[in-house]
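The following features are taken from Swiss-Prot:
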{"type": "BINDING", "residues": "7, 8, 9, 10, 11, 12, 13, 34, 94, 117, 118, 119, 227", "note": "NAD(+) binding site"}
{"type": "BINDING", "residues": "81, 87, 119, 153", "note": "substrate binding site"}
{"type": "ACT_SITE", "residues": "177", "note": "active site, proton acceptor"}
């Protein structure tokens, strides 16, 4: 099993690479790519960690060598948020980066599962889909927007609020991956009751948690370490499913035949070909139903923006 990380010299990429080096199954290959010249050095640094994961690093304008034979490609390349920016402000730079890298994946590893971390995910995933379609290699079972950070934040905040073990907390998060399109289904958390006031406070905190980190870092970065952990959780789940482990479910942003939008985040059963089945997200509370319906216009506009970017 070969996993490639594109954007591996950045804050997310290095954290993700560290976690993959220590947690991928023995015998895995880990390939790091970034335009930054430091990337081969990041691989050398990680190679000193004693795990049975082979690692190589590649720098420069062409990711081909990193992508050859890849089963999973995780893309975190792009610019990060700074104070005052929202994820959509990243679009102009990151859209072009994703278009180019998706094109390389189509050319070099057309059968790989691709997980997109680069924001704005609501838009970068449709960009990748359109590029793969143009190349004639699009398989909607194998393209994912990694929204796991919204899930781990939800689980952490619920655990803190209610004083319960994280081992007992599961929070499905549906919709998209920015602002109001992030919808944690707090009504579905087992064994916990929330007041209307708690839901009205906790939901926007989860939606705006990225801004919380950007402001706390005072211009020094965005959510890199927690995003690295979230991407590793998703990537490792995907690897386990590809290797035949059954019953692995993660919330992720996919082209899954949703009645709401072409791309929609919801629980997905992972399997040997990527998406095994898009699962129903269950009954919503009145608050959640209203929030879902209110977000759809923005989510659809984000998707259209990506499709039109590729169409030119």
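Using the three backbone atoms N, Cα and C, a Cβ is placed for every residue, glycine included.
Neighbour density at the Cβ, taken as the number of other Cβ atoms within 10 Å, is lowest among the binding-site residues 7, 11, 13 for 11. Neighbour count (other Cβ atoms within 10 Å of the Cβ, all protein chains): 29 for residue 177 (active site, proton acceptor). Between the CA atoms of residue 94 (NAD(+) binding site) and residue 81 (substrate binding site) there is a gap of 11 Å, rounded to the nearest whole number. Counting every protein chain shown, the number of other Cβ atoms lying within 10 Å of the Cβ of residue 153 (substrate binding site) is 24. Sequence-distant contacts of residue 9 (NAD(+) binding site), defined by Cβ-Cβ distance under 8 angstroms and a gap of at least six in the same chain, are 32, 34, 36, 38, 39, 42, 59. Here the residue listed as 'active site, proton acceptor' is compared against the binding-site residues 7, 118, 119, 153, 227, and the shortest C-alpha distance is to 119. Residue pair residue 7 (NAD(+) binding site) / residue 119 (substrate binding site) shows a Cα separation of 13 Å. Calculated from their C-alpha atoms, the gap between residue 11 (NAD(+) binding site) and residue 153 (substrate binding site) amounts to 18 Å. When secondary structure is read from DSSP and collapsed to three states, residue 11 (NAD(+) binding site) falls in the helix class. Its Cβ placed at the centre, residue 94 (NAD(+) binding site) has 22 other Cβ atoms within 10 Å. Listed in sequence order, 12, 15, 76, 117, 149 are the same-chain residues at least 6 apart in sequence whose CB falls under 8 Å from the CB of residue 227 (NAD(+) binding site). Residue 119 (substrate binding site) sits 14 Å from residue 13 (NAD(+) binding site), taking the C-alpha atoms as the reference points.
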